[in-house]
Amino acid sequence: MKQYLQVTKPGIIFGNLISVIGGFLLASKGSLDVPLFILTMAGVSLVVASGCVFNNYIDRDIDCIMERTKNRALVKGLIAPGVSLWYATALGIAGIALLYFAANPLAALLAVLGFIVYVGVYSLYMKRHSVYGTLVGSLSGAAPPVIGYCAVSGQFDSGALILLAIFSLWQMPHSYAIAIFRFKDYQAANIPVLPVVKGIPVAKLHITLYILAFMVPTLMLFLGGYAGYKYLVVATAVSVWWLGMALSGYKAAVDDSLWARKLFMFSIVTITCLSVMMSVDFQPEAEPAVLVSMLP
């Protein structure tokens, strides 16, 4: 049974749940619906797990080439490919059904869209054929906090849009950092990530620009009245520090692999801090502009 847990990538599920909590509690504004919270977390976990299993199935031919993925269950034959497809399908159906019936149709729809982008667009095609695969994948990576938010609100409003911008822009430097310190793996597997296609100096520039872009929606969460001054202080501090770390990569004597690994680790600190602060420093009086509503 251990291999069936590992193939769902528990670390990725856990990381996504942190962002789900942030979005859910931000929308709750201090009024926590515990059953809805638990069921939303479970639903998102199942959908993310499904996407990860499908990704493992799709990537099994290149996972055997890459050092960090060569011991995955499907590569080593611990799970039959056909069984993994049934397993992934069951997880996905269960997760989407749970979000639909326990939360609302909008939360389920967002989960479906995120799943399609990750599995159908990114994993099946963009990852192997385009340098823009990371950009497309970032949209699916930003879905969980938006699902958490919309599970409460029942509508896609300006707050949900800001969350989508924050988490999708965060994904870019986070992912490029991985591609730099895992450069040889991606090169060996012929995956066209930016550092491999355009070079590490170009990737460093993109990382810096994306962090600058990321800082804008993080501030919008405060300026839009969704989060308070404590959030602002923490968000500003971690964003500026992250930017400083990115700029340190331009030093002549820098070890690119070590620098990228540190940048990657701090990206996790950054998004965790933001998720925690938007959970605890929400503004009850926030009145977002409604973009899409599925509530009667």
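Each residue, glycine too, has its Cβ placed from N, Cα and C.
Computed from a predicted structure; not experimentally measured.
Record features, source Swiss-Prot:
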TRANSMEM  7-27  transmembrane segment
TRANSMEM  34-54  transmembrane segment
TRANSMEM  73-93  transmembrane segment
TRANSMEM  106-125  transmembrane segment
TRANSMEM  131-151  transmembrane segment
TRANSMEM  161-181  transmembrane segment
TRANSMEM  207-227  transmembrane segment
TRANSMEM  232-252  transmembrane segment
TRANSMEM  263-283  transmembrane segment
Open item on the list: Cβ pairs under 8 Å only, please: of the recorded stretches 34-54, 131-151, 232-252, which one is richest in them relative to the transmembrane segment (73-93)?
Closed with: 34-54
TODO: Rank 7-27, 34-54, 161-181, 207-227, 232-252 by Cβ pairs under 8 Å to the transmembrane segment (131-151) and hand me the top one.
DONE: 161-181
Task: For the transmembrane segment (161-181), distant same-chain residues with Cβ under 8 A (at least six beyond the ends) - done: 19, 23, 26, 134-135, 137-139, 141-142, 144-146, 149, 193-196, 200, 203, 206-207, 210-211, 213-214, 216-218, 220-221, 224, 226, 242, 246, 256-261, 263-264, 267-268, 270-271, 274, 291
Open item on the list: Using Cβ atoms and a strict cutoff of less than 8 Å, what residues sit near the transmembrane segment (207-227) while being 6 or more residues removed from its termini?
Closed with: 26, 158-159, 162-163, 165-166, 169-170, 172-173, 176-177, 235-236, 239, 242-243, 246-247, 249, 263, 274, 277-278, 281-283, 285-288
TODO: Answer yes if the transmembrane segment (7-27) and the transmembrane segment (232-252) have at least three CB pairs under 8 Å among residue pairs 6 or more apart in sequence, and no otherwise.
DONE: no
Task: Folded-back contacts onto the transmembrane segment (263-283), same chain, C-beta under 8 angstroms, at least six residues removed - done: 15, 18-19, 21-23, 25-26, 28-30, 145, 166-167, 170, 173-174, 177-178, 181, 207, 218, 221, 225-231, 234-235, 238-239, 241-242, 245-246, 249
